[in-house]
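Participant: Copying in the features that TrEMBL gives for the protein in this structure:
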| type | residues | note |
| --- | --- | --- |
| DOMAIN | 16-49 | domain 'Zinc finger/thioredoxin putative' |
| REGION | 75-100 | region 'Disordered' |
| COMPBIAS | 79-97 | compositional bias 'Low complexity' |
| COMPBIAS | 200-212 | compositional bias 'Low complexity' |
| REGION | 200-224 | region 'Disordered' |
| REGION | 237-267 | region 'Disordered' |
| COMPBIAS | 245-260 | compositional bias 'Pro residues' |
| REPEAT | 938-971 | repeat 'TPR' |
| REPEAT | 972-1005 | repeat 'TPR' |
| REPEAT | 1040-1073 | repeat 'TPR' |
| REPEAT | 1074-1107 | repeat 'TPR' |
| REPEAT | 1108-1141 | repeat 'TPR' |
Amino acid sequence: MTDGTLLENLGIFHVRVACPACHSEYNIDERRVPPGGLNVRCPKCQGAFPVRPPQGGTAAVALPGAVAPRTVPLPAPGPSAAAQASSPFEAPFSAAPPEAPAAPRMTALFDSPFAAPSPQPEPAPAAAAGRPALAFGEVDLGGGGSGLGKADEPFPFDDAAPDAVPDGGTPAAFALPHDPFSAPPDEPFAAAAAAVPEVAEAEPESPAVGAFAPPPPAEPPAGGDDLEMLFDEGAAARAASAPAAAPPQVAPPPPPPPQPSGGYLVRRRSGKVFGPFDEPAIVEMLGKGELLGNEDVSPDGGQTFTALGSVPPLAEAMRRFMGGPAPAAPAPARAAPRLAKAAGARGSELAGKLRAFAAAQRPLPWIAGAAAVALLGLGAATALTPHGAFFYRDLLGRRGANGPVPKLLADARAKLAEDRLTSGAAALDLAQRALATEPSDPAAQAGLVYVATVLARRDGAPPQALERARALLPGLAARAAEDPLAAEAVVSAALLAGGRPPEAALLRLQQHLAKEPADPEALAVLGDAALARRDFAQAAALYGRLDAARPGTARASHALGVVAAARGDAAAARPRFEAALARDARHLASSVELARLALAQGDYPAVREATARVLAPEAQAEAGPLLRARAHLLAGEAMQRALGEDVERGLAASEQELEAATREAPGDVEARLALAAFEGDHGTPEKALAALGPPGSKDPRLAAAQARALAAQGRVLDAVTALDLALADAAGDARLLFAKGLVLWQSGKRPEGEKLWAEATARDPSAWEPHLALGRALLAGGELDRAEKELALALEKEPRLAASHAARADLLLARGDLPAAEAEYRQALALDASGAAALLGLAQVADRRGEAAAARAGLERALRIEPRLAAAQAAYGDLLWRAGDRAGARKALAQAATLDSRDARARGRLGAVELELGEVDAALSDLLAASNLDVGSAEIRGWYGRALVAKRELPAAVEQLRKAIELEPGRAEHQLQLGQALEKQGNPSEAVDAYRAAQALAPDRLEPYELLAGVYAAQNRCAEALPLLEKGLKLAPKEQRLRVAAGDCKARLGHHAEAVALFQRALQEDPSQVGLYYRIGEAERAAGRSREALPWFERAARAEPKNAMPNYYLGFAYKERGQRARAVEAFRAYLAARPDADDRADIEREIEDLGGKP
């Protein structure tokens, strides 16, 4: 007899249909299709389409006859797509009224969802060609509204898929709450215990055969047919409506024990308790697969729980449904009257059907073989599932609530909640043991991933555990939308990776908390996710619930402290961390956070105390690498900010601490960034780049720091390229935008840099760095009002940032408010004693007050702390230049120009110093570069013109100086330089105009009077020069050169006595001016007082042996006095000092006349 004949004789006829979307084919019992039709969901593509009752043997979706035969093999159905999408206990029912079959149906004996599947014949050739033929259980026909979906039942099926709603009908049926310890839905045999066979071999009649069959479904609600899922739960009703055969002769069952008046409470493996239910209701749920049999029940309202299988009527039901062996010694228990009545009626009815069918059909020999094959197939199939072959793990209790895996996982979660290193290691060990016990258990998989990722986020996890977690993560991600344990693991892994957790996983955890509001790990991981996205209110609420659920634990207090600290509320954070330490003195993470708060508040002794507690030898068991790294980092920061007089020693100690942090936790980004910042600030960008690792990091923080280190090395193009690559992966990241703007601004592309800073601010309104950088840029450009607004925003976002206070002090200094600037600089130093910018500012304040020594000391300290601070190098060079130390000034200014190649002022002043040192070519090169960097700088143009004058390129010099006057017409210096250039060019009239313009611009300045007097004196206009020189002497009475110039004018005008007086006054004020000896002697001689002139000439000859003129006059004076030998000696000295003298021949004759030889 063929399978089709057997099914037809039982009154079962199939409709062959195909999905119009993916063309998958399957069979549907035509009695399941009501007259109005129903919607079917395809398990392959999840598409829904209507199926109508057959008209003349034609299916709703017509198929060729060769593709859809009437008789096809019917394998046991697997889990439906809808069941996989929501809950493994979902058991929807057909909404159509049952139709009476034409003949007794043998498969009514096996309507239990735990019956053994029948042997699978070879598939039909037509089905194997392309589109697979699917059986009943593989078709999602939705969950119709059955009698079990009534609102008065205690556990409606609220996990039904939201789209499973009939056309114009009521919502889909409800299901029991999801069991988080259920088998993973992605395993093909995970729901084998709930599969319903359509064909199976008959067993000998037994009165208990039909006793546990589910009751027939109630009438469907009006309004339409739902999407249906065929588990053949209506088979019992159809069989019951068939003509009854003669009742079998069976012995009555033993009387059951009295049932608890309040029914049984049921507890799942997850710990969730629901109920109470009476025994028939529990049997009914077992038959539908809503209960797996591994639950516990309590007859006394939850005071004590025992295994469900320990209740004899329920154990008998489990045995029948799961196909297990009969108990060796039946327990003396009586079924409840209602259960016994149902069992007797049902068993008599089914036994009659079986005898009727056996009389009509003789068993064939192959049926026994088929049953054996089916049995072996079931064993092989279930061996691949978490239940084990023939469900032996369930039967042995290895997968029940009291099995080893749930206990191990519960212990692991308890250890993890202690939030310490040793407890975390114990939790990981327990999770690994659970997974080793049941490698395919979804709860064990989720437990290991969750524990490993939490430890990695907290204080690091072993690499092997993380590798195993990574391997398990894809499977968990597929289940995260349904399984809260998988969702916890997926969210924790996403937080570890620094990404945003999947919304589906977050939603599943929120739904789980609605049912289990005190689940500590769900609260903790959702709080961590809220904190990561800076939703501080949500994070505080979740951690508060965690604290209420587990009062007195350090974890919740610590988490609430972290939220308060992130919110900037240090006053609220500190008590939380202290409370965590009071609850658990070994909770060293709270010590680290207390040190962080103390560092922010400038309490450096408290930082040292807290970090020492973490780094103490006796604390090493509880201080993992990450905690030790953070402690070293904070200790190093504190040392750097609290530098004493010995700057070099303090910086070396700070660097050692930061290096120790990176050694403890090489992968810790915070430690690497801190070390890189230290090295970059102290002049070693190559060491900063080494601390950050090779360029190209995927972490935006590292990528931004790497680019800044590259730019500090002069590799601007490499820095911009690295930032562009990083922005391609993290488009719009504020840190990367700020870093690129900084690199561009420093390279001279200032508008582009400022635009990127504005974009970074728009992307992250909480960022302070773009405001600070933009404020400094505007300050450098002289836009003080706009700079003030940006700096105020930076201080508002980070009030205790020393750099922002120093920048605000720079603004006050630019406005000339020295007292306010000094106070702001000192406040910055109180926050960070290593702030080189604040030390530079204080030195500038001292310099403006004329306190050169204090200014120099401040600049030298700033440069010891941060030698690569270009502004400090430039200021130090200016100070040395004004002090006359041109060599030191040149070195400092050259360093400043190297550090900031776009600093035109530093390069221009370097050229000026080189010009004063006589290095004209070097000066011209630097001044030309500076003028190109800043074409609008009058100072640079003026010095460039002076360098051209020194190079004797007078026309170009005059042009540059005239440009300087155009750029800065109110500065007298440019007019003075122009006058000198015109004077050297041979244009004294224009030179006089330039000097007079300078005199008008600076009437109290000496140089215009002196230079104008020099022009007049050169033109022998001494009468006009003398008033100017006298005015100059009033302005600078100690300038003896002016008195000498006035004496020369007096002598030219013939006022020799007045000239002698002026010369003698100058010599009295400055005895080093030995050249005045000759001038006095000459004035005395010109006045006719040769006797008075002779001693002055003698003194001049001795003081200035290279001056020929004193000897010239001495020779004639000695000749007049008859001192021939002395006269000859004087004339010879004259010729020796002036060998090319025009009167050489005359002097040689004088020597011969005096009896000497020339």
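Along the chain as shown, residues are numbered 1 onward.
The backbone N, Cα and C atoms fix where each Cβ goes, glycine too.
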Participant: Across the repeat 'TPR' (1074-1107), what are the DSSP residue counts per state (helix, strand, coil)?
Facilitator: 26 helix, 0 strand, 8 coil
Participant: Grab the same-chain neighbours of the repeat 'TPR' (1108-1141) for me: Cβ-Cβ under 8 Å, and only residues 6 or more beyond its ends, written as numbers and ranges.
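Facilitator: Non-local partners: 1077-1078, 1081-1082, 1085, 1090, 1093-1094, 1097-1098, 1100-1101, 1147-1148, 1150-1151, 1154-1156, 1158.
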Participant: For the repeat 'TPR' (938-971), what are the same-chain contacts with Cβ under 8 Å, counting residues 6+ beyond its ends?
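Facilitator: Cβ under 8 Å, 6 or more out: 904-905, 908, 911-912, 915, 920, 923-924, 927-928, 930-931, 977-978, 980-982, 984-985, 1001.
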Participant: Using DSSP, tally how many residues of the repeat 'TPR' (938-971) sit in helix, strand and coil.
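Facilitator: Here the numbers are 27 helix, 0 strand, 7 coil.
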Participant: Taking DSSP states H, G and I as helix and E and B as strand, how many residues of the repeat 'TPR' (972-1005) are helix, strand and coil?
Facilitator: 27 helix, 0 strand, 7 coil
Participant: Would you mind giving the whole-number mean pLDDT across the repeat 'TPR' (938-971)?
Facilitator: 95
Participant: DSSP on the repeat 'TPR' (1040-1073): how many residues come out helix, how many strand, how many coil?
Facilitator: 27 helix, 0 strand, 7 coil
Participant: Over the span of the repeat 'TPR' (1108-1141), count residues by DSSP class, listing helix, strand and coil in order.
Facilitator: 28 helix, 0 strand, 6 coil
